[in-house]
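Participant: Handing you a structure now.
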Amino acid sequence: MDYFLYSGCSLDASASHYMISLEAVCKALGAHLKDIEDWNCCGASIAYIGGNEMQQIVLNARNLALAEKQGGMDIIAPCSSCYIMMNKYNRELQENPALLAKVNGILAEGGLSYSGGLKVRHILDVLYNDIGVDKIKGQLRKPLTGVKVASYYGCQTTRPFGEYDSMESPTTQDELLAALGAEVVPFDKKVKCCGSGLFLTEIELCARLADDIIGNAKDHGAEVISTACPMCQMNLEVYQPRISKILGKEIKMPVVFITQLMAVALGLDPKKDAALDRNIVAPESVLRAAAA
């Protein structure tokens, strides 16, 4: 199983623990990842500010063209925002020959072109549909028995495409977590927006959204929240001190990437491979499972 990895800006910086654990897990499960050489930002963080959508299309088309030129494999975009941007514009280019021709005219100035033949996929899709829960179960070394996890997708992991899972009631992450031996708790807010994009402009609203999600997870007995979105992970965990100050109450809940949990369950090193030391709130129950 060979794939291109589009890491995006977050996995190279604030979500480095996602990148580390993702690469370790894929290697352990026999999925070979190849970086897209000379990739550029997908533009998700500024997508609708400038009002020039063509710039966004070309940014993503360039990455697609580079991947096609370098081997033409499926592209894994672990960041949900990157996944939406690249998948959205890939679909538009595939469905609109006139747009593809116009974009290729721009790409030609950099010596590139794109045929529209690639597929952009989320890591949950690959873990569930290509690798599969049976293979994962077969390689468990330290099952997460007794670890109570809330499975959080956020608003971008399955929406708006719904290609590999339900948009409103997704289950792929739940099933993957259950395959690791974890107890997946009921969670009403699994697809609710965390407000990540609002934290610089609507701080109080964003704090309330995050508190609602974390509080719901706690109410259902969760010890840790699992996600596959770096923007959600940052908003729900990294900003907890700020949220606590804004709301005037202590909020403390570890929020980890599903690949970190997988790395532990597969018996990989909790620091070197799972990068659990990079989380702001230590996931104590997961660390106990790693030490068992």
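Each Cβ is built from the backbone N, Cα and C atoms, and glycine gets one as well.
Per TrEMBL, the features are:
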- 5-86: domain 'Cysteine-rich' (DOMAIN)
- 149-236: domain 'Cysteine-rich' (DOMAIN)
Participant: Mean pLDDT for the domain 'Cysteine-rich' (149-236), as a whole number?
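Facilitator: Across the domain 'Cysteine-rich' (149-236), the average pLDDT comes out at 93.
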Participant: Could you put numbers on the helix, strand and coil content of the domain 'Cysteine-rich' (149-236), residue by residue per DSSP?
Facilitator: 35 helix, 9 strand, 44 coil
